Structure formats: C-alpha cells, structure tokens
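Visitor: Here you go, one structure.
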Amino acid sequence: MADGLGPPHTHTMCPFLPLLPRPAPCTNECDPIRRSQPPRGCDAPRHGRGSDAGACVCICAELKVNGFPCKANATADDFFSSVLAKPGATNTTMGSVVTGANVEKVPGLNTLGVSLSRIDYAPGGLNPPHTHPRATELVFVLYGTLDVGFVTTANKLVARTISQGDVFAFPRGLVHFQRNAGDEPTAVISAFNSQLPGTQSVAMTLFGASPEVPDEVLAKAFQIGAEEVDKIKAKFAPKKS
C-alpha cells in the first residue's frame with residue numbers, strides 16, 4: 001500500500017459528522033471525512049481522484065447527538081431498503097403520507113449526500129406548505145396528477161400542474177406544497193441532495209412548537225386575535241393517548 005490508498009474497491013469505515021458542508025480530516029473520533037486525500041489507515045479506490053477521492057465509506061451504527069458513528073464492517077443490507085416499494089396509508093388528516101429512505105433508514109447513505117422519499121396522496125390530499133432546510137427536492141410523478149408550487153424570497157408563487165412522468169424541482173429552503181386535485185390516488189418519488197434533508201411544516205412549526213410560540217407573536221404576525229391563535233394551536237396539539 002505504497003500510495004496509502006490500498007487495493008481497488010477497498011474501503012475502511014471512517015467516522016463522519018453529517019450535514020457539514022466542508023469536511024475535515026478523518027480521525028478515530030466523531031470527525032468528518034476529508035474529501036481530498038484519505039487519512040492514514042483510511043483506504044479509498046485507486047481510481048477516481050476527483051473532488052470526492054479519499055472519501056471513506058461510513059455506515060451509521062446508531063444516531064448520536066454529535067453525528068453518526070461508523071460500523072466496523074459494511075454489508076449489502078446497509079445500502080438496501082424496500083421501504084418505498086408499497087404505497088403508504090393516506091387516511092391521514094391531510095390525505096397524504098411521506099415515506100422516507102434517508103440515512104436513518106438506509107445507513108449506507110451516510111456521507112453520500114443523497115436520499116429519497118415516496119409521497120402518496122389520496123384524492124384531494126395535500127402535502128402542506130413546508131421547507132427542507134438542508135436540500136433541494138426533485139419530484140418524479142409515478143402516477144396521477146398534482147398541483148405543485150413554491151414561493152420565492154420575493155413572495156412570487158411558482159406553480160403548475162404535473163402528471164405521470166413529469167418532474168418538478170423545489171429549491172432548497174423555499175416554502176412549497178403539493179396537492180392532488182384529481183379524483184384518483186397520486187404518488188411521487190422525491191430525490192434530495194442530502195442524506196437527511198429535514199422537513200419543517202409551516203403550520204406545525206409555528207402553531208405546534210414545544211415550548212409554544214407566544215400567542216402575542218402569532219397574533220401580531222398573522223393579524224388575528226388571541227382566541228383565533230388558541231383555536232389553531234388546539235388543532236396541532238399532540239394527541240392524548
């Protein structure tokens with residue numbers, strides 16, 4: 001291993017802190033992977049010395065506050081999931097359900113910067129206005145028809161109707177939505193350029209936060225009375241078992 005890279009297609013597990021834009025050298029602690037040259041003892045493929053050369057395969061062992069530690073050995077199961085194969089149950093309040101295939105479900109995605117979701121919609125179902133703070137989203141319609149749109153930072157609505165085989169992009173961080181205005185079920189596959197894109201539903205974030213966002217803040221922001229704020233908050237309160 002004269003060049004420190006090891007034989008072709010050989011990898012060593014290295015710790016990685018997710019969601020950091022510019023990784024640092026890899027150590028035995030929970031540090032990110034260096035993207036330019038592999039650290040000592042960290043093997044990478046001999047070929048493909050591009051911007052990602054030297055990136056080690058890192059399989060999430062368990063979720064921790066400071067990131068995902070890595071398993072000693074990777075298996076095919078770490079890179080596999082059938083979670084998106086079947087439609088999700090759409091008998092929800094919004095008439096839609098999101099099934100994620102992110103790093104929490106497919107540990108082999110750790111450090112790879114990609115993930116998928118499947119979204120199923122009942123007739124009239126809505127994926128309510130929300131944002132993905134860590135990723136741009138690209139949806140591909142499996143079947144059915146959707147009204148989709150996002151709002152720019154200039155408060156301009158960019159919207160259109162998409163059907164089977166169409167794709168539509170939602171820029172990172174912008175509020176967006178999808179609605180099934182048809183009479184038949186609809187499903188899409190969403191691709192993200194993040195292993196864990198994160199989701200913040202606008203209504204739930206503001207009216208269902210814990211601890212609560214003060215009534216005075218919401219009343220003034222939405223130009224409504226305190227009673228209206230309380231009524232809306234009640235709709236997003238955790239269900240008592």
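Glycine too: its Cβ is placed from the backbone N, Cα and C atoms.
As listed in TrEMBL for this protein:
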- N127, H132, E137: oxalate binding site (BINDING)
- H130, H132, E137, H176: Mn(2+) binding site (BINDING)
- 82-230: domain 'Cupin type-1' (DOMAIN)
Visitor: How big is the Cα-to-Cα gap, in Å, between E137 (oxalate binding site) and H176 (Mn(2+) binding site)?
Guide: 10
Visitor: Report the DSSP secondary-structure composition of the domain 'Cupin type-1' (82-230) as helix, strand and coil residue counts.
Guide: 22 helix, 57 strand, 70 coil
Visitor: Around the recorded Mn(2+) site, report the further residues of that chain (criterion: Cβ within 8 Å of the mean position of the Cβ atoms of H130, H132, E137, H176; site residues excluded), sequence-ordered.
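Guide: Near the Mn(2+) site, beyond H130, H132, E137, H176, sit T131, F150, F170, L174, V175, P197, T199.
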Visitor: Including all protein chains shown, what's the count of other C-beta atoms within 10 A of the C-beta of H176 (Mn(2+) binding site)?
Guide: 22
Visitor: Quick check on the binding-site residues: of H130, H132, whose CB has the lowest count of neighbouring CB atoms inside 10 Å?
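Guide: Counting other Cβ atoms within 10 Å of each of the binding-site residues H130, H132 gives the minimum at H130.
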Visitor: With an 8 Å cut-off on Cβ distance to the N127, H132, E137 Cβ center, who else from the chain surrounds the oxalate site?
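Guide: Going along the sequence, the neighbours come out as S117, H130, T131, V139, F170, H176, Q178, S190, F192, P197, T199.
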Visitor: CB neighbours of N127 (oxalate binding site) within 10 A?
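Guide: Around the Cβ of N127 (oxalate binding site), 25 other Cβ atoms lie within 10 Å.
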Visitor: Across all chains shown, how many C-beta atoms besides its own are within 10 angstroms of the C-beta of E137 (oxalate binding site)?
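Guide: Result for E137 (oxalate binding site): 23 other Cβ atoms within 10 Å.
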